[in-house]
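Asker: Input: one structure, supplied below.
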Amino acid sequence: MKHIYNDILASISKGEKLLAVLIDPDKIKIDNVSGFIEKVNTSIATHILVGGSTVDENITSLLVEKIKKYTTCPVVLFPGDVTQITSKADAILFLSLISGRNPEYLIGKHIKSISKLKETNLDVISTGYILIESGKETAVERVTETEPLLRTNIQHIVDTAKAGELLGMKLIYLEAGSGAKVSISKEIMLNVKKAINIPLIVGGGIRSKKQLETAYDFGADLVVIGTAFEEDESFFDELKPPWSVGHFSKRGK
Ligand code: 1GP
């Protein structure tokens with residue numbers, strides 16, 4: 001088993017910031033994978049996340065297999081459902097949607113996934129997944145039938161993240177939703193980061209280098225970007241090492 005979580009901790013302890021490119025199996029053509037991954041490889045990206053809210057069965061496995069052919073970046077599953085689990089990846093974010101109150105997404109799906117997970121060698125990373133409202137309904141809300149947390153109720157968001165940590169979760173993921181118009185605010189990131197002692201992931205609606213820098217400056221250890229790369233692959237060209245910001249260094253490059 002690859003120790004992806006321990007590697008994340010080691011990178012963070014060295015002051016490094018991490019970037020994951022999110023690939024939604026529903027949104028990429030299998031023939032375009034090699035070209036897309038080539039771009040990932042030349043950028044500062046450190047991880048590839050694979051997953052989506054609604055994905056046809058078996059596509060994920062084929063996609064991950066193909067991605068692995070072209071990169072040494074760790075591939076981490078970010079599954080919307082049990083069917084997206086594949087042994088071809090290196091790790092899985094074992095997400096519990098702690099902003100919501102739907103038992104299926106708090107513990108139900110997890111129980112259903114065990115027989116499949118037992119057949120894999122994935123590094124299973126328990127993740128407290130917190131959906132924050134971003135102005136319009138997101139796919140996560142629709143699929144999970146849960147309400148996001150109000151972005152103005154900072155204390156409630158902080159307490160939710162802290163409760164996740166105290167329950168033993170290893171990562172906290174603040175999610176504004178794929179393609180969100182408004183990304184997670186500085187104030188939310190700063191306050192959550194101050195309260196927790198585990199790595200902080202931030203994603204949803206980050207579309208520029210400036211927004212990426214802001215997320216890092218306000219506490220994100222790992223930023224997830226999907227839509228911006230899907231819509232314009234030239235964004236990768238702006239994110240090439242060496243990074244111009246002094247505080248940022250890319251692991252292994
Ligand atoms: C979505 O946080 C991720 O689950 C990434 O969002 O597609 O908006 O980059 P974007």
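Even glycines carry a Cβ here, placed using N, Cα and C.
As the structure is a computational prediction, the values presented were derived from the model and not from experiment.
Below are the features I grabbed from TrEMBL:
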- Asp24, Ser53: Mg(2+) binding site (BINDING)
- Tyr173, Leu174, Glu175, Ala176, Gly177, Ser178, Gly179, Gly204, Gly205, Gly226, Thr227: sn-glycerol 1-phosphate binding site (BINDING)
Asker: Among Asp24, Glu175, all listed as binding-site residues, which has the most CB atoms within 10 Å of its CB?
Answerer: Glu175
Asker: Based on DSSP, name the secondary structure state of Glu175 (sn-glycerol 1-phosphate binding site): helix, strand or coil.
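Answerer: Once the DSSP labels are grouped into three classes, Glu175 (sn-glycerol 1-phosphate binding site) ends up as strand.
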Asker: Give me the non-local Cβ neighbours of Gly179 (sn-glycerol 1-phosphate binding site): same chain, 6+ apart in sequence, Cβ-Cβ under 8 Å, ordered along the sequence.
Answerer: Gly204, Gly205, Thr227
Asker: State, in Å as a whole number, the widest CA to CA span among the sn-glycerol 1-phosphate-binding residues Tyr173, Leu174, Glu175, Ala176, Gly177, Ser178, Gly179, Gly204, Gly205, Gly226, Thr227 given in the record.
Answerer: 17
Asker: Going along the chain, which residues six or more apart from Ser53 (Mg(2+) binding site) have their CB under 8 A from its CB?
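Answerer: Spatial neighbours, sequence-distant, of Ser53 (Mg(2+) binding site): Gly80, Ala139, Val140, Arg142, Val143, Ser178.
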Asker: Near Thr227 (sn-glycerol 1-phosphate binding site), how many other Cβ atoms are within 10 Å of its Cβ?
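Answerer: Around the Cβ of Thr227 (sn-glycerol 1-phosphate binding site), 19 other Cβ atoms lie within 10 Å.
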